[in-house]
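> Dumping what TrEMBL says about this protein:
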| type | residues | note |
| --- | --- | --- |
| REGION | 1-24 | region 'Disordered' |
| TRANSMEM | 45-78 | transmembrane segment |
| TRANSMEM | 98-117 | transmembrane segment |
| TRANSMEM | 129-147 | transmembrane segment |
| REGION | 154-185 | region 'Disordered' |
| TRANSMEM | 198-215 | transmembrane segment |
| TRANSMEM | 261-282 | transmembrane segment |
| TRANSMEM | 288-307 | transmembrane segment |
């Protein structure tokens with residue numbers, strides 16, 4: 001940059017001309033790109049909302065395992081598509097929205113668990129409870145089309161700028177940072193380089209999600225205590241509610257606590273898995289309240305890993321790489337959950353046979 005500036009000054013001194021500003025994209029091109037991005041996100045959001053509504057209806061009226069599983073698949077499509085869409089969109093807004101996004105997703109899990117727990121204990125059937133949730137997809141569509149403002153070119157800095165300048169960038173580059181734009185302009189080589197830098201955060205997040213969903217899918221049902229007034233089904237619902245409460249609390253804690261080394265969270269969650277697996281095998285915990293505390297702690301670790309991973313990536317990636325980096329890191333939770341399901345379900349069946 002210095003050499004370039006020097007050559008411009010020499011040209012100005014020798015020819016007596018002012019430096020010509022760099023050409024800007026025509027206004028029509030900018031507007032065209034804006035509408036392409038808007039339309040591209042609008043099919044995505046519509047599909048996510050429709051799949052969410054379809055999942056409620058299918059599960060509510062299912063009379064077979066196959067139909068119920070189809071509803072679960074639709075819910076997974078809605079969740080995964082919504083996550084990658086909105087996390088990619090955060091690249092066009094100030095970095096503070098990542099904290100609010102994480103808090104919102106944590107709150108959604110807690111609200112869902114509390115709603116199901118409360119409505120079923122109040123006397124509603126599972127079918128009635130699920131059908132009462134059909135307003136949630138409508139709120140999703142309304143929040144995107146009516147509440148969210150159009151992203152404009154802006155400085156994503158703010159109070160985090162000093163922290164960002166002190167961080168080690170994931171990708172070393174001598175070029176000046178550009179404003180956030182479409183990740184489709186990145187070459188395959190650039191994408192591979194960014195992906196290698198992201199592995200420092202992707203791998204621990206995969207481990208965290210693997211461990212916690214191994215617990216949720218494989219061990220929750222087996223952590224059953226007979227010395228309590230809660231039924232087996234009620235114990236399971238309380239486990240889910242406490243897990244979601246921990247996730248919500250830690251996903252909302254970014255302004256209070258920043259965690260740079262997410263590998264520590266992966267290690268702690270793995271120890272959590274080992275401890276609960278040992279209890280399922282040997283049954284040494286005397287009371288369900290010990291399990292309540294451990295599951296709350298499990299949620300705290302999972303939520304902290306999620307929000308700090310994406311916060312660190314937002315700070316340590318350049319503007320031109322941020323959209324691709326956010327979308328790519330979304331594979332972490334999906335991969336961790338899928339791997340845990342492949343191993344937890346057979347182990348669950350094996351432990352059930354032993355008991």
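Just so you know, glycine gets a Cβ as well, placed from its N, Cα and C.
Describe the structural context of these features.
Within the same chain, residues 85, 126-127, 130-131, 133-134, 136-138, 140-141, 144-145 sit at least 6 positions outside the transmembrane segment (45-78) and bring their C-beta atoms closer than 8 Å to a C-beta of that stretch.
Long-range contacts of the transmembrane segment (98-117) within the same chain: residues 83, 86-87, 90, 129, 133, 237-238, 240-241, 243-245, 247-252, 254-255, 303, 306-307, 310-311, 314, each at least 6 residues beyond the stretch ends and with a Cβ under 8 Å from a Cβ of the stretch.
Long-range Cβ contacts of the transmembrane segment (198-215) within its own chain (Cβ-Cβ under 8 Å, at least 6 residues beyond either end) map to 170, 243, 262-263, 265-266, 269-270, 272-273, 276, 295, 298-299, 301-302, 305-306, 309, 312-313, 325, 328-329, 331-333, 335-337, 339-341, 343-344.
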